[in-house]
Ligand code: AMP
């Protein structure tokens, strides 16, 4: 029995010697972009609720984007790998709640998901297929309860203004990683908390500190809009 276990261990070690590392995906890391709907819907741009109704007052997914360390990113990598709705039929109801479309005219969301897959997802084909892209993105988003993290730190979607360093500190304290924070402007020119980008390693498994902390927000007076 001991000899058998020993033989199996040796066999596993021997196989390990010949297991090659996963192929380099051709990019450096992913951004998981989470979006505050109150900011998307409070700009001059029109916003429309999806056909399923007003999304929850929570951060939704914008996308999972392969990126290079120098700040640029690949896009539309494989036009032959078109979006196929039938491949994600089991995920649609979850996508509708967690990856809601806000574009006009009101629609179910397929246009948004198609855009994200074709522009960004096809650049991560060596890591995951279309179903994997959407499934993995949903799972990554579920690992961070962003609204709760901010609310626990007293940063609430109540139209009040907050400091960039407080937003980043609250997220670092709760998750251990530093994200990128992006703002947009409302019609009164207030900067609003719009998107928070978490960096994820190139195998789409671990959250990491962002290589380029290039926030696009002022240091203070960031409005967290009601939704
Ligand atoms: P991207 O090309 O991935 O950087 O995303 C930008 C595009 O996504 C723009 O055309 C935006 O209008 C669109 N977009 C961003 N957020 C949403 C959303 N929640 N619903 C629908 N379209 C969106």
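Cβ atoms are placed via backbone N, Cα and C, with glycine included.
Owing to the predicted nature of the structure, the values given are computational and were not obtained by experimental measurement.
Here's what TrEMBL has on this protein:
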| type | residues | note |
| --- | --- | --- |
| ACT_SITE | 62 | active site |
| ACT_SITE | 116 | active site |
| ACT_SITE | 120 | active site |
| SIGNAL | 1-19 | signal peptide |
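Rounded to a whole number, the distance between the Cα atoms of residue 62 (active site) and residue 120 (active site) is 11 Å. Residue 62 (active site): 23 other CB atoms within 10 A of its CB, across all protein chains. For the active-site residues 116, 120, counting C-beta atoms within 10 A of each C-beta gives the highest total at 120.
Rounded to a whole number, the C-alpha distance linking residue 116 (active site) with residue 62 (active site) is 8 angstrom.
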